[in-house]
Amino acid sequence: MRLLGIIGGSGLTQYPGLDITEQKHVETPYGEPSAAIKIGTLNGKKVVFLPRHGDRHSIPPHRINYRANIHALKAIGVTDILAVAAVGGITDKFTPGVLSVPDQIIDYTHSREQSFFSEQFRADNHIDFTWPYDDELRETLLKAAADAGLSALDGATYAAVQGPRLETAAEIRRLARDGCDLVGMTGMPEACLAREAELPYATLAVVANWAAGITNNVLTMDEIQQTLAEGIDDVKTIIANVIKQL
């Protein structure tokens, strides 16, 4: 039986509608996860929820214990991970408010623990990461959106940057030259750790703002939060449909 683990990002620190039956503090060899794991039911099905920034959104992207988060989810029986992420839009069609299911990622982060195998590495620990997101779970997300009458763009390259600051206009121009469509701060090493843990992983990204320099407007957190708030209901609708399909 499949058990969906939802990793909530900015705008989804709590999950209204989730009937929480248990909160587990999971110990891992890598330290503590971002928060207690919430176990409950959504539309009559068991699901697991973990806010990657903590219950009060107090953990910045570069300080998240990604290894502990993924290890904890697998330890309690999660079989599939759906990650929700707030991102900036770089290319034309990724306007604020758009939902995206990326299919590629470029890692610009540094100094983050990237592997479960760092301490005891073997030659066969080189994972294939050609396609970083699980095809079946991506298709499930896209179908869930279509079934709800919502549009989620199929395919994008996500630029994972260090944060916690937003980017410079020059940095965004570089990302655009590299072929990136979206920019966010939490996509790596979360995706590759899920692959190491043999957990199917996909991201539902909410474009919260134009990336720096794309328009002449100054980025403000108030505008970003407002766009996220408007998009979260659609995210929850899609997730509800995903749960029905699993």
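Heads up, the Cβ atoms here are built off N, Cα and C, so glycines get one too.
Between the candidates Thr186, Thr203, Thr215, TrEMBL assigns the phosphate site shared with Ser10, Arg52, His53 to Thr186.
Sequence-ordered, the extra residues of this chain that approach the phosphate site, with Cβ no more than 8 Å from the Cβ center of Ser10, Arg52, His53, Thr186, are Ile7, Gly8, Gly9, Pro51, His57, Ile59, Pro61, Ile64, Ala85, Ala86, Met185. On the 0 to 100 pLDDT scale, the model's mean across the domain 'Nucleoside phosphorylase' (4-244) is 95.
DSSP assigns Asn209 (substrate binding site) to a strand segment in the three-state reduction. In three-state terms derived from DSSP, Met221 (site 'Important for substrate specificity') belongs to a helical segment.
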